[in-house]
Amino acid sequence: MSEPRKILVTSALPYANGSIHLGHMLEYIQTDMWVRFQKHRGNQCIYVCADDAHGSAIMLRAEKEGITPEQLIDNVKAEHSADFADFLVDFDNFHSTHSDENRELSSMIYTRLRDAGHIATRSVTQYFDPEKKMFLADRFIKGTCPKCAAEDQYGDNCEKCGATYAPTDLKNPKSAISGTTPVLKDSKHFFFDLPAFDAMLKSWTRSGTLQDAVANKIAEWLDSGLQQWDISRDAPYFGFEIPDEPGKYFYVWLDAPIGYMASFKNLCARRPDLDFDAYWGKGATTELYHFIGKDIVNFHALFWPAMLEGAGLRTPTGINVHGYLTVNGQKMSKSRGTFIKARTYLDHLPPEYLRYYYASKLGRGVDDLDLNFEDFVQKVNSDLIGKVVNIASRCAGFIHKGNAGVMGEANAAPELTDAFLAAAPSIADAYEARDFARAMRETMALADRANAYIAEKAPWALAKQEGKQDEVQAVCSLGINLFRQLVIFLKPVLPNLAADAEKFLNVEPLTWEDHKTLLGNHQLNPFSALMTRIDPLKVEAMAAASKEDLTATDATASSAPAGNGELAKDPLSAEIDFDAFAAVDLRVALILKAEHVEGADKLLRLTLDIGDEQRNVFSGIKSAYPNPSELEGRLTMMIANLKPRKMRFGISEGMVMAAGPGGEEIYLLSPDSGAKPGQRIK
């Protein structure tokens with residue numbers, strides 16, 4: 001028998017500035033299932049995480065609430081910990097990036113990078129709030145759009161007309177924090193020399209550490225050229241001060257991934273069997289895996305391994321990337337009741353129903369996963385209750401009634417138990433590959449065979465026939481053994497069901513190896529319901545509890561003609577003559593490439609094909625399209641004769657057209673099918 005593997009696993013750190021929602025839970029449930037599977041097979045698998053507890057947003061929220069940042073992050077950590085525990089996410093340690101371990105490790109890594117010549121400095125010009133005495137990120141600057149004159153717009157884009165611009169282009173800029181007029185000020189910033197690791201990253205990202213689709217996307221970024229990464233922020237800032245640089249702080253994304261190391265180091269202090277260097281030292285033979293969403297791939301597949309390499313530490317064995325969660329086919333929405341907090345779900349439904357549903361739809365790719373309420377109810381009721389639990393509920397009563405709860409010795413259908421045994425390696429391979437959907441399909445196929453066998457033998461009919469009691473016991477004993485096998489295969493996904501089944505089966509906690517054996521002449525405990533069907537009304541109640549209170553916009557709306565209120569919120573502009581309209585050259589454009597803009601909170605960089613030429617356009621639609629690659633290959637509409645605008649990120653050569661109030665509700669416009677790039681819109 002081979003030696004148990006030694007594995008360290010992390011999930012992305014939740015930000016300590018808000019509640020956990022079902023989109024977050026997709027990642028933590030996925031990771032937890034994989035970790036439980038490894039432990040189920042006898043491997044030493046350690047799962048650590050932490051709250052991401054630094055940054056201006058936390059500092060400002062704490063100030064607004066009249067508490068210290070430390071009090072805020074402590075409160076949020078307690079909430080997060082309770083949500084994770086109740087969703088059966090079993091961390092070996094859940095820590096905080098605001099910790100002594102993280103301060104020590106962040107300083108150590110920075111110092112090693114600095115001493116190796118991988119840190120550069122240069123002056124950066126930014127808006128500065130003279131009242132709060134702090135530099136302002138783009139999202140903390142508001143003013144009048146230089147294009148359409150809309151007021152109260154952010155520092156890098158207009159949510160009304162979609163224009164993008166540099167913060168210095170904004171008219172009447174104001175600090176969103178204090179309301180004062182900001183001033184431009186220079187400051188020394190510190191940069192990590194990421195381009196120095198270009199060759200290392202090109203090799204590492206193609207070494208099997210990433211899914212192919214992710215490696216291909218990373219290759220695009222590498223081919224376009226890496227830039228030095230700004231790793232500093234100025235005081236006041238809630239975080240760690242940079243060694244030997246008073247008033248300068250590590251940017252949150254520098255110390256956040258180091259939080260993985262810090263959480264593990266904190267655990268090592270309580271676990272003498274764990275050696276920190278055996279997991280993080282250069283040349284470590286243990287395994288290290290990060291589970292993350294596709295929105296933070298650049299930090300984990302570029303910055304993080306380069307930092308580790310530059311600091312003389314090991315790099316990850318693998319980075320497992322997943323897609324986003326949609327609900328009923330759309331992005332989560334508070335108004336539709338589909339932006340569901342973890343606690344709201346738990347107030348209405350058991351956690352294992354969602355764990356199973358996620359598992360049934362999670363492949364090893366980076367595709368988005370849709371939580372469809374109707375499908376959710378049907379799948380849980382059909383698979384878990386109608387197939388798995390149904391086997392035990394059908395068979396247990398006959399064994400208790402006919403044989404005092406003692407299972408028979410004989411195997412009534414060896415060919416069936418052999419099929420279950422033969423399926424185990426494939427199910428294990430699916431778990432290992434994080435293809436949970438395949439593991440669930442193959443397990444449910446076995447459940448179908450078990451139910452078909454029981455239905456064919458019909459012990460309820462046999463029990464009424466004289467002289468058939470031994471056959472009833474044999475059929476039902478086999479049914480209980482098949483149920484036990486299914487529980488073994490499902491235990492990483494459904495730990496509570498497994499625990500309740502173990503009590504009923506009167507056995508020690510089941511391990512993966514137990515699938516190779518059968519129970520015989522074995523005493524069962526009395527059976528009680530292991531799961532109940534989902535009532536669709538509970539799902540409706542959960543959605544209702546998630547809806548924001550909507551305020552009526554017009555007291556007389558009930559008697560007015562039907563309308564959606566959009567014109568009231570955004571009145572029509574003044575009339576223009578035809579010549580003014582004709583001067584605008586609208587064209588169909590094909591999105592060749594869409595990508596995040598480093599340092600911009602709201603912008604995407606779009607490369608557009610308009611027939612005979614390509615254009616580079618910056619668009620403030622990031623909040624609605626967090627996965628920009630999904631836009632690639634799509635047709636849209638653009639203003640092609642808009643004067644190019646110089647921005648701090650580059651030149652924007654036009655404007656794409658979108659509708660919506662802003663935030664997540666921005667809808668990029670597309671022409672009807674058949675339109676071609678470059679065609680005029682008229």
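Cβ atoms here come from the backbone N, Cα and C positions, even for glycine.
Looking at 14-24, 553-563, 564-574, the range tied to motif ''HIGH' region' in Swiss-Prot is 14-24.
Among the ranges 1-5, 41-45, 331-335, the one that Swiss-Prot lists as motif ''KMSKS' region' is 331-335. The Cβ of Cys145 (Zn(2+) binding site) has Glu151, Gln153, Cys158, Lys160, Cys161, Ala163, Tyr165, Leu170, Lys171 as same-chain neighbours under 8 Å, each 6 or more residues away in sequence. Sequence-distant neighbours of Cys148 (Zn(2+) binding site) (same chain, 6+ residues apart, CB-CB distance under 8 A): Cys158, Lys160, Cys161, Ala163. Counting residue by residue with DSSP, the motif ''KMSKS' region' (331-335) contains 0 helix, 0 strand, 5 coil.
For the motif ''HIGH' region' (14-24), the list of distant contacts is 49, 51-53, 55, 57-58, 61, 72-73, 76-77, 79-80, 83-84, 96, 324-325, 327, 332, 339-343, 345, 354, 371: same-chain residues at least six beyond its ends, Cβ to Cβ under 8 Å.
Other Cβ atoms within 10 Å of the Cβ of Lys334 (ATP binding site), summed over all protein chains shown, number 14. Neighbour counts of Cβ atoms within 10 Å were compared for the binding-site residues Cys158, Cys161, and the top value is held by Cys158.
According to DSSP, the secondary structure content of the domain 'tRNA-binding' (580-682) in residues is 7 helix, 46 strand, 50 coil.
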